[in-house]
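Summarising the annotation, Swiss-Prot assigns transmembrane segment to 26-46, 71-91, 107-127, 137-157, 166-186, 189-209, 212-232, 233-253, 273-293, 299-319, 340-360, 373-393 and lists sequence analysis as the type of evidence.
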């Protein structure tokens, strides 16, 4: 009898887990859970074990070629490159077939996204300009964590109009493109010509695979791995390799199959339920030990938080509103400016993407206090944006 009861309970638990992973908000919930666990560990008696785990040396060697990094660097440079493969595929799909495939569809979210990148950077600069050592952090509040933003929106999925969801997706995709450009232009250092040549050869190989509409995903994975390793060694940030790999995968194969859709389907679950939660676990572990009032009012924390809470909504809403009033773009049918403002506030959730940019802007040499304050600013700004965004979205969609 006890045995049967155990089996029944096991089946019930499995069904609950399956139901959870089918939720639209599952990815966002798992992200939040990972971040909370990281913060609890970082402020518990297990903090040393948590940090030691993240700093475990992990090596990869093939003949004379080797990559030696700590676990946290493998997560940030390796796993996040896989995430950017997905970003590259999503951008390509939307540009050729989706919400960004025509000028009329693309111009409104494009202008909004530009505002959402420029104004947060300006807000950051205005607050942090008194300290030249903080100049590198201007890109941190530019980012939007699309998984989290969509997770919050999914909580109200039944009352959120479809055009508003499409606007958020298009906005986030253009935002990702902006982040890619920023990483390429401002966070690549000490370039190696030899590694860049290897990277160029790998890119040519990917172009040929795409040109001949090769559908075998293993071919892209092998060449992509070579490209990632070459880019990593070149001094250009390795996540750019992910974007190039994503763009190289064909939308259609020779026999009408859809390689990009197949690979996107595989990576989407890994990204939502493994890669991003793991990144959050590795980077959200902020220790509050030794933090006083003076640190909380520091220019760095205020600049990042203000960029996310104020800069994002002002930039997105302001640019989109002006573009419509000047006749440069048209407000999508089925939504209003109050809902655009709610989405703009929601885009202040920088979380994992802002933390990723912070890890590039301030390395270990910047000092523990700088890294701690930047993460605190991101967590505070993202939390406030999530709460306000949810409340505004709930109110505006209810009114509609």
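In case you wondered, yes, glycine gets a Cβ from its N, Cα and C as well.
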Maximum Cβ pairs under 8 Å to the transmembrane segment (71-91) among 107-127, 166-186, 189-209, 299-319, 340-360 is reached by 166-186
Ranking 166-186, 233-253, 299-319 by Cβ pairs under 8 Å to the transmembrane segment (340-360) puts first 299-319
Using Cβ atoms and a strict cutoff of less than 8 Å, what residues sit near the transmembrane segment (273-293) while being 6 or more residues removed from its termini?
21, 26-27, 30-31, 33-35, 37-39, 41-43, 47, 50-51, 54, 71-72, 75-76, 79-80, 82-83, 147, 351-352, 355-356, 359, 372, 375-376, 379
Would the transmembrane segment (107-127) count as touching the transmembrane segment (166-186), if touching means at least three Cβ pairs under 8 Å and pairs must be 6 or more apart in sequence?
yes
Feature contact check the transmembrane segment (373-393) with the transmembrane segment (233-253), CB under 8 Å, 3 or more pairs
no
Go through the chain and flag residues at least 6 beyond the ends of the transmembrane segment (189-209) whose CB is under 8 A from any CB in it; none is fine as an answer.
219-220, 223-224, 226-227, 230-231, 233-236, 241, 244-245, 248
By Cβ distance under 8 Å, which residues at least 6 away from the ends of the transmembrane segment (166-186) in the same chain are close to it?
84, 87, 90-91, 94, 99-100, 105-106, 108-110, 112-114, 116-117, 139, 142-144, 146, 149-150, 153, 236-237, 239-240, 243, 316, 332, 335, 340, 343, 346-347, 353, 357, 360
Beyond the flanks of the transmembrane segment (373-393) by at least 6 residues, Cβ under 8 Å:
35, 137, 140-141, 145, 148-149, 152-153, 155-156, 160, 283-284, 286, 291, 295-296, 298, 300-309, 312, 338-339, 341-343, 345-351, 354-355, 358, 361-362
